[in-house]
């Protein structure tokens with residue numbers, strides 16, 4: 001089949017419809033907000049004029065209906081959040097207590113399955129490894145690099161290069177790294193990692209097939225993407241440390257080591273917590289990397305990818321929902337921790 | 001600071017200190033030189049995988065499959081054949097990514113615009129219109145950020161495919177969308193999932209606008225819609241740009257939502273879905289994977305590099321101000 005631009009027309013037409021819908025909805029809303037109050041104002045004016053002509057007592061100006069305005073401003077957001085997030089989340093919680101085609105109530109059986117089925121326990125352990133390693137390594141790396149690059153020349157370029165993977169999709173990043181891990185049985189290696197191993201005198205390996213090494217190699221992809229985020233946020237925090245504090249410490253003759261632990265670390269603590277929390281949540285939900293690199297095979301599956309498989313490939317709505325709810329439960333303590341920290345900061 | 005003298009007042013210099021001895025100065029320069037060297041080496045190592053992909057995507061198929069990309073420098077053979085194949089190829093196995101590219105665009109543009117507009121309106125109301133329960137509403141929307149979108153996928157898909165019936169009464173018929181109409185589902189899903197963060201980020205900016213300004217406008221008799229259009233919108237353009245870039249990168253790079261709501265057909269599948277598919281079924285066709293991956297990377301990369309300033313600002317505002 002030759003590529004034919006005519007085939008693409010329905011899509012572009014659909015995009016047009018979408019844009020028209022956007023203009024109509026948003027423009028219509030703004031117009032409504034403009035016209036309706038203006039109409040009321042005119043009527044009120046007419047009333048006043050009529051009243052002053054006839055000499056009737058002027059009625060008290062009604063209290064402005066701020067609430068009505070707010071309702072219209074908030075209407076699309078509230079509607080969409082209710083339909084798209086709140087109701088589905090409640091439904092998912094209910095579905096997790098039902099069987100695979102959501103007809104019978106089964107109590108907590110799906111949760112029991114989660115902790116007894118060997119392969120799912122493996123999934124939970126993998127998720128734990130991800131959640132422990134990614135925030136720790138990515139944040140440490142980002143911090144070290146932020147400190148290092150603070151004194152370096154070409155700072156902007158170096159930071160951009162580290163930050164660049166943030167723009168690459170997880171799918172693209174997974175393909176990039178799959179290529180690094182690529183394996184050939186005979187002849188020259190085409191994967192960089194195997195080439196390095198071979199040139200050091202080792203045997204090439206099928207990296208992504210060997211558990212538990214493959215999980216670690218997938219974690220490398222995530223760290224590669226997220227370290228830039230940690231670095232940018234922490235670098236900004238380091239630059240925000242007041243100069244006179246640094247100067248005073250330097251005059252007191254502290255060593256760089258002391259400077260780092262006594263001045264830098266306490267000053268950037270809030271940013272550090274935010275980075276760790278953000279990365280933890282992102283890691284808990286990681287799906288694309290596992291799906292693209294191994295499709296969850298060879299003992300690499302994590303909760304989010306298993307949830308997709310259960311709910312959308314095997315048609316196990318109950319079990320999939322239970323995994324989603326479990327994911328939600330795991331996120332909650334992390335967020336509570338962050339909120340408590342924020343509150344302490346505000347008070348302190 | 002080569003001309004620095006030891007008598008420089010403390011605090012006027014932000015960094016670099018004032019090394020009093022020659023040895024100190026030399027050590028300082030050496031230190032910063034090592035730091036420069038190490039940070040550049042790390043940055044280069046960080047970029048090698050991407051660079052390898054780019055080089056490979058330009059090499060002929062036989063070369064990619066038999067020799068490492070690093071040999072391309074001693075034995076340079078470059079071609080655009082892979083891109084030709086992967087974008088416009090005749091066989092269905094080639095990916096035909098040009099179509100997917102358009103799908104990605106068709107999915108992304110409305111999915112950025114809708115949440116941007118809705119969140120803007122909502123954030124203004126939450127920041128500057130007085131009504132009862134305002135703080136609670138804001139906290140509720142803020143809290144929704146933590147709900148993983150996995151929690152919404154199964155019911156939302158069901159909502160699209162069967163509609164809503166309550167007690168035998170059809171409140172909302174099934175959407176029954178086919179082919180490219182499925183884009184609407186994806187827009188809807190992305191908009192819903194983006195709103196809590198969008199409201200939070202824009203509220204951060206809008207609530208920090210000077211209250212005097214709003215007060216003055218109110219005294220002059222401007223209504224809320226008018227203030228919103230003529231005062232607030234122009235002032236928060238950087239925030240709009242920041243969120244726009246965020247959402248653009250997020251939607252363009254998203255796999256999960258597209259996989260579920262757009263499906264894998266050629267009519268609707270965006271680049272990420274097609275690529276993930278290729279990586280799964282034709283994992284050794286590196287000439288296509290490398291070129292395809294680069295096609296999917298190039299747009300976000302351009303957006304990102306040209307608008308990095310806004311992106312970083314948004315990142316810091318969204319994560320640190322909290």
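Even glycines carry a Cβ here, placed using N, Cα and C.
Annotations in TrEMBL come from automatic prediction, not curation.
What TrEMBL annotates here:
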| type | residues | note |
| --- | --- | --- |
| TRANSMEM | A:12-33 | transmembrane segment |
| TRANSMEM | A:68-90 | transmembrane segment |
| TRANSMEM | A:123-149 | transmembrane segment |
| DOMAIN | A:124-340 | domain 'ABC transmembrane type-1' |
| TRANSMEM | A:161-183 | transmembrane segment |
| TRANSMEM | A:216-238 | transmembrane segment |
| TRANSMEM | A:268-287 | transmembrane segment |
| TRANSMEM | A:321-339 | transmembrane segment |
Would you mind listing the long-range same-chain contacts of the transmembrane segment (A:123-149), meaning Cβ under 8 Å and 6+ residues beyond its ends? 114-115, 155, 158-159, 162, 212, 215-216, 219, 222-223, 226-235, 238, 260, 264, 272, 275-276, 279-280, 283-284, 286, 299-303, 306
Residues from the same chain, set at least six apart from the ends of the transmembrane segment (A:268-287), whose C-beta lies under 8 A from its own: 127, 130-131, 134-135, 138-139, 142-143, 170, 222, 226, 229-230, 233-234, 236-238, 241, 302-305, 308, 327, 330-331, 334-335, 337-338, 341, 345
Taking a Cβ cut-off under 8 Å, which residues six or more beyond the ends of the transmembrane segment (A:12-33) line up next to it in the same chain? 69, 72-73, 75-76
Any residues 6+ beyond the ends of the transmembrane segment (A:68-90) with a Cβ under 8 Å from its own? 25, 29, 32-33, 37, 328
